[in-house]
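Encoded as structure tokens, the structure appears first; notes follow it.
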Amino acid sequence: MNPEERVVTWLISLGVLESPKKTICDPEEFLKSSLKNGVVLCKLISRLLPGSVEKYCQEPQTEADCIDNINDFLKGCATLQVEVFEPDDLYSGANFSKVLNTLLAVNKATEDQLSERPCGRSSSLSATTSSQTNPQAAVPSTTPEQQSEEKAAEMTENGSHQLIVKARFNFKQTNEDELSVCKGDIIYVTRVEEGGWWEGTLNGRTGWFPSNYVREIKPSERPLSPKAVKGFDTAPLTKNYYTVVLQNILDTEKEYAKELQSLLVTYLRPLQSNNNLSTVEFTCLLGNFEEVCTFQQTLCQALEECSKSPENQHKVGGCLLNLMPHFKSMYLAYCANHPSAVNVLTQHSDDLERFMENQGASSPGILILTTSLSKPFMRLEKYVTLLQELERHMEDTHPDHQDILKAIIAFKSLMGQCQDLRKRKQLELQILSEPIQAWEGDDIKTLGNVIFMSQVVMQHGACEEKEERYFLLFSSVLIMLSASPRMSGFMYQGKVPIAGMVVTRLDEIEGNDCTFEITGSTVERIVVHCNNNQDFQEWMEQLNRLTKGPASCSSLSKTSSSSCSTHSSFSSTGQPRGPLEPPQIIKPWSLSCLRPAPPLRPSAALGYKERMSYILKESSKSPKTMKKFLHKRKTERKTSEEEYVIRKSTAALEEDAQILKVIEAYCTSASFQQGTRKDSVPQVLLPEEEKLIIEETRSNGQTIIEEKSLVDTVYALKDEVKELKQENKKMKQCLEEELKSRKDLEKLVRKLLKQTDESIRAESSSKTSILQ
């Protein structure tokens, strides 16, 4: 590592120089531009020697300001007895090597001072160095348990001794506490457990991943860690500033809790007794502000108790993690209500401003109330910054270090959830308060409260085109809206009733992440793609809760009293229900199972006797008449039909007529017996056993007769109706386009006629003037 890179790493590790977002191609030029104004140097000397620089220009605008900052740094370096450079050497960049030599000397001088104190990390580094120089001292073999313990021990050390692994395969999380990784990702392991699962951090997120999906990175392959560079150890400085940062957290937390309590006592509670707002409006304005105040006071007390223990036993991160469920419930509820509170502030701004100023607030009083109600959001953002600063000044071996990292991640996640929830509730309020274009039916406010709302991408029916929609879920209906072309409002696109809705997850199919479909008897198939997994899980939970609610209980009974008793007995039992099963329909016993196949057409059964008598009468005249009245049978009986056609003798037809008479008598007797039991046993229609003859004409003009069940026929008719609807929709679109084109053409013709008329008039007037 060259001197420039060493200095850059050192400054970043001390926190006085911001880490560049991109890879540094030329460290020397980067240093020149970063150190030129002297601000970084003043921060450095203040960090190394607190109190050496009392005041410096943090935003220098002129050359004189920059030179003054550099001189302040050089004065501080005089106490370290190192060779210094001239201010112009740095500002002009002409002799930058002297600047590097001074910085390296400062690093060496502070290292010598720090080396006089014991440091666990330095001893671990020296032990590692000695083991590398003497490989014979290494243990030749270890058991898997010992290796796991060694890896866990490595993670308690600092710098390059932290276990770092590289993903060999892609892994997709299936639970909330797991970590999704891609091949080649670098993961910092935070916990090693037996059983094949390790805990690690990737891109600021901590979770579990399978250990056989990764491989350990060799020391030569590991990325450079600023804390791991020998000679840049700042443990005593870290220890000194840890207490300062912790005290800052306590002070700001007390001040924040005090401000909330002051707002509640001085303004909000007196406002409740005032007549400026109704009870509903005041409830919207206040929300759960009182609960937030109480919770923040509890948090202050808990943090103070943590700070009273010895420094190596501080559990600030653990305390915050224990209270994180309360954080989420309090702040998410506050965020959900905040857009309604802002709406109340907007509607009654004049009255509230007068009230605030009468209570002693400075003008404009409404601004004090608005900013005070927004402080919980600003404080939530500060938690992340404060904890990051605390972690920066905390030793990696501190028992609270891992909890601090987890708390940072938890607060980042909570902050993102709160921001999304505020935007969603604000959009929801906008939809409910503004008119919706092409809305059908009663006002949307009559549907009740919105259970959930989000922006999705949907596919309707068999169409592959994806459309952006806003879904609003109410207790009885799902509303679909779209943004207007100019993004000035919302347009109504349809609704789906909850009754009869069937929701199916599609996320298990590859390529359909965060996807589900909606089907039903009254709606065409809708495929919905959610923007993230959180929205997807929320939609699944809410829709399943509404569609799979308590089922109604009914049973066939002869009297209404038995039906009522059955219903009451069902509702009184609180036992858990099993899986839904189709109703058990008791089929009545009948002689119809011994009958031959019923008539293939319903119309044939109506005039059966008349037709049979007519057939018998005409059969003696011509065999063609018999063939005319007999319907075509099933395909597998084609041979018998051909044989029947061949038989043309009158004797054979008479024999068949006698057989038909026997069948008729049998059916008549069976129907009579069945009729005697009609009052006692209900008749049940079984669609799958009903048959129909369907005549279809193909494109080549050939007519085909097919036998279909009633169910198949209904579904075929449903498909035909669907096709007709689509064709009708296309025809409407074509008609609208044609009407629009005709109107445009009419406008164009009128315009041309008008221009022609004007030109003719102009010519005639010019001719008249010439003649005169």
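The count begins at 1 with the first shown residue.
Backbone N, Cα and C define each Cβ position, glycine as well.
Between Ser122, Ser307, Ser362, Ser680, Swiss-Prot assigns phosphoserine to Ser680; no such entry appears for the others, which is not proof they lack it. Checking Ser19, Ser225, Ser363 against Swiss-Prot for the annotation phosphoserine singles out Ser225. Checked against Swiss-Prot, the residues Ser561, Ser640, Ser764 yield a single entry marked phosphoserine: Ser640. Counting every protein chain shown, the Cβ of Ser488 (phosphoserine) has 9 other Cβ atoms within 10 Å.
DSSP assignment over the domain 'Calponin-homology (CH)' (1-111) gives 69 helix, 0 strand, 42 coil.
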